[in-house]
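Presented below is the structure to which this report refers.
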């Protein structure tokens with residue numbers, strides 16, 4: 001009788017009851033309540049940069065360039081808004097999950113009845129059959145088809161149904177930021193060389209040299225040079241920081257596409273490689289416990305119970321590798337052919 005193994009399983013299940021507190025309702029898409037702070041930050045940043053680009057800095061360019069720059073940056077902005085909205089609005093859930101009624105509450109996971117949320121391609125929370133690459137996201141509380149990760153900036157899961165729109169939003173946002181940074185650098189360089197080139201609009205003929213006009217040509221607003229330079233520095237820093245974050249994420253997903261991996265598969269493979277391997281002939285610590293018995297039972301005065309403790313190191317909070325079950329970490333082996341995974345699979349940006 002493996003007393004230590006039973007005690008460890010009991011402790012893990014008790015901890016799961018205390019820590020696993022899933023939402024009672026599934027979220028449909030990125031507009032479902034609650035909204036995330038990162039989602040608001042993304043939209044506010046988008047409109048600040050668009051406002052500065054179209055209202056302040058593009059009108060400072062030479063007349064021959066204006067229409068071209070308006071067309072390029074305007075096209076990128078519109079394309080980004082469309083794919084960004086699609087990535088947020090599309091429900092990435094499994095087909096069988098989408099056929100269910102989202103107004104019905106999702107049952108709470110009971111680790112005393114099931115070892116894993118998804119077993120044999122059946123989700124015990126969604127109560128439907130799912131495909132092999134589906135994962136149950138704890139943030140959305142539903143199974144996502146071809147799960148990649150949960151994106152806080154979209155407030156939605158990224159899966160097979162909306163991954164292409166997520167990737168297009170990364171490309172279009174990075175291209176837009178590159179255009180804006182190029183425009184800002186040109187404005188700063190031209191201001192230090194010959195500011196009059198930036199004052200080519202006819203309305204500048206009636207203002208002094210230290211006065212600049214914003215929001216040309218529809219709503220001209222007079223302001224001082226320091227205000228324009230201050231706005232330019234702020235927008236340049238914000239654009240550079242945004243491009244650094246988005247560019248890093250874009251390169252990472254290009255790498256994943258080259259490797260033909262999802263974000264979830266990449267993370268779990270790295271965790272599996274970092275997990276120390278257990279030698280095949282690992283030693284076991286044996287011990288004996290004496291348990292007194294009542295003489296009225298007619299048995300011996302004491303009975304000896306043997307137990308063993310496996311020398312296997314468990315890393316708290318560690319996600320299992322792909323295909324590895326919790327039973328394997330506790331010294332037991334999952335049934336052949338059973339697909340097992342961590343109780344709450346959710347990766348974030």
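Using the three backbone atoms N, Cα and C, a Cβ is placed for every residue, glycine included.
Annotations in TrEMBL come from automatic prediction, not curation.
Annotation source TrEMBL lists domain 'Palmitoyltransferase DHHC' at 118-269.
Sequence annotations record features per position, and here TrEMBL assigns region 'Disordered' to 312-337.
The annotation transmembrane segment is assigned in TrEMBL to 40-61 (among others). Long-range contacts of the transmembrane segment (40-61) within the same chain: residues 69-70, 73-74, 77, 80-81, 153, 176-177, 180, 183-184, 186-187, 198-199, 201, 213-217, 228, 231-232, 235, 238-239, 242, each at least 6 residues beyond the stretch ends and with a Cβ under 8 Å from a Cβ of the stretch.
Residues annotated as transmembrane segment in TrEMBL: 67-90 (among others).
Annotated transmembrane segment per TrEMBL: 165-189 (among others), in sequence order.
Listed as Cβ neighbours of the transmembrane segment (226-256) (distance under 8 Å, sequence separation of 6 or more from its ends, same chain) are residues 45, 48-49, 52, 56-57, 167, 170-171, 173-174, 177-178, 180-181, 184-185, 187-188, 191, 212, 214, 262-263, 266, 349. Sequence annotations record features per position, and here TrEMBL assigns transmembrane segment to 226-256 (among others).
Taken as a whole, the domain 'Palmitoyltransferase DHHC' (118-269) shows an average pLDDT of 94 in this prediction.
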